[in-house]
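Some features that TrEMBL has for this protein:
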- 170-188: transmembrane segment (TRANSMEM)
- 200-218: transmembrane segment (TRANSMEM)
- 313-334: transmembrane segment (TRANSMEM)
- 346-372: transmembrane segment (TRANSMEM)
Amino acid sequence: MQTFCREEHLSKFQSNLISFCHLSESRFLGDVNRSQSILASTSMEVEEEVKRMLEEVKELHDSAASFISSSSHQELTLRQKATSVEASLRRLHSTLASDKSLDPKLVEKLEEDLHRARCMLADGDLSSFLPSKPQGRFVRMFLGPVNVRASRKDIQLKVKEEYNSYRDKTALLFLFFPAALMILRSYYWDGCLPAFPVQLYEAWLLFLYAGLAMRENVLRANGSDIRPWWLYHHYCAMGMALVSLTWEIKGQPNCVQKQRGVHLFLQWAMMQGVAMLLQNRYQRQRLYTRIALGKAQRMDVVWGETAGVDGQLWLLCPILFILQGFQAYVGVLLLRAALTGVVAEWQVMVCGILLVVMAVGNFINTVETLMAKSRVKAKMKKSKSRAELNHTS
């Protein structure tokens, strides 16, 4: 009886198990079918989404091509008009300068109006449509035949701001590096400079002047009025730094005599660092004033050493003339040392020649700037006195 009951329970269990398995299988197959249907619908949706995005990209591409074509045509038209207007302004300026039959007062007023028009043309958004200045061999040598002129005025101003920031930072380093070398020479190196720190400083000078020359070439291509002499000055300084890197820095014995030229150059560099700090501070303030008065453009920079106001000139000019004289003195000492055989390396003679050339060029540029400033001041005083005379009469 017990055996029969166990068999009956076993058969019921087997039947329940079989029915459960069938039910699980049917549910699993149902889930699989639903998953397949979901995947199929998802695949169709993804395929439709991809097709839709492809169509949108094609439409966007066509719109961009149409916009570029129309904007290129408009840009060409603006360039032609801007070039024509610039040529007309130059022609009118030549006419006013050559025609002696016109009333001087009228000529003066018309020249002021022409100057205002030229400032609007060169300093506004229209300046990007004017023919760009030649980029120079220096930029082409490093970057190739690429166009470095920015098409938007805000980008041009950012380039100028970065250039001013670079000048401020390098002025501090120009003072710090030679001062640190001179202090370490006196208190740590027993009066004799090691070769490696000096060559590291000369490598930094090469990097400094190469960076200045590159930035100033880019600024000139974007409409700045940097004087060509300062580019030539930086080229000479780059050549001097490159040559001095191959100059053997000799030590004992007679270290002081052998390194006399290096010591003088470091002393001049410290003075130059102080002068650069003064120039950057005073000249930038003056440039902001000139821009506000309409006498300068926003892309102009102030490498002209006497661009400050009258009170600042009394401080800057003596320092600058002393620096130029001391620079020429160091160059003459190096030349004399090379010619007399005290230091026989060819690098000494080349560095001496370059220092003298840079000192003479800086002096001539400073004098020309002072003379131009005096002529402008005389013209302003004459115009002011004439206006006061007309007002009283």
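From the backbone N, Cα and C atoms, a Cβ is placed for every residue, glycine too.
What you are looking at is a predicted structure, and each value in this text was computed from that prediction instead of being measured.
Remote same-chain residues near the transmembrane segment (200-218) are listed as 135-136, 138-139, 142, 148, 159, 162-163, 166-167, 170, 173-174, 177-178, 181, 224, 226, 230-231, 234-235, 237-238, 241-242, 244-245, 301, 303 (criterion: CB distance under 8 Å, separation of at least six residues from the stretch ends). Sequence-distant neighbours of the transmembrane segment (170-188) (same chain, 6+ residues past either end, Cβ-Cβ under 8 Å): 197-198, 201, 204, 208, 211-212, 263, 266-267, 269-270, 272-274, 276-277, 280.
Distant neighbours of the transmembrane segment (346-372): 227, 229-230, 232-233, 236-237, 239-240, 243-244, 246-247, 261, 304-307, 313, 317, 320-321, 323-325, 327-328, 330-335, 337-339; these residues of the same chain sit at least 6 beyond its ends, with a Cβ under 8 Å from one of its Cβ atoms.
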